[in-house]
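Enquirer: Okay, here's the structure, questions in a sec.
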Amino acid sequence: MKLCVIIIASLMVASVSGRLRKIKGTELDKKMLLEKLGHGMDIRFEETPRECSKKAGEKCESNCDCCGYSTLCGYITEGKEVKYQCMSKTSNNEILNTIGLGMNAIENMFSFCFR
């Protein structure tokens with residue numbers, strides 16, 4: 001009986017220590033991978049206008065150009081030509097327009113224009 005308990009205890013100790021070694025090995029692999037990735041990464045930020053300069057209906061290049069919380073730089077197709085302009089109205093229906101303005105405001109918030 002004592003031999004059985006000793007064998008079971010030694011197997012449990014061996015399995016726990018093996019798992020701990022495996023966990024430490026994967027943590028080291030992750031650290032090495034992050035270090036390798038970190039050396040080759042080059043982050044560049046695109047310069048955007050600090051203040052809005054366009055009103056609704058004027059030509060634009062990005063959401064940061066357009067003034068207003070719910071005004072975005074959208075596109076309109078005229079024939080085969082695509083024109084970008086500031087716009088805020090999304091629908092003729094008042095309820096859908098209100099929902100669209102809210103969605104435009106959220107999209108404009110994620111444009112990260114620092115004004």
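Keep in mind that glycine also has a Cβ here, set from the backbone N, Cα and C atoms.
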Enquirer: Which of these links to C86 by a disulfide bond in Swiss-Prot: C64, C66?
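Expert: Recorded disulfide partner of C86 in Swiss-Prot: C66.
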Enquirer: Going by Swiss-Prot, which one of C52, C60, C64 is joined to C73 by a disulfide bond?
Expert: C60
Enquirer: I'd like the Cβ neighbour count for C66 (disulfide bond), meaning other Cβ atoms within 10 Å of its Cβ, all protein chains included.
Expert: 27
Enquirer: Sorry to bug you, but what's the C-alpha spacing from C60 (disulfide bond) to C67 (disulfide bond), rounded to the closest Å?
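Expert: Cα of C67 (disulfide bond) to Cα of C60 (disulfide bond) measures 11 Å after rounding.
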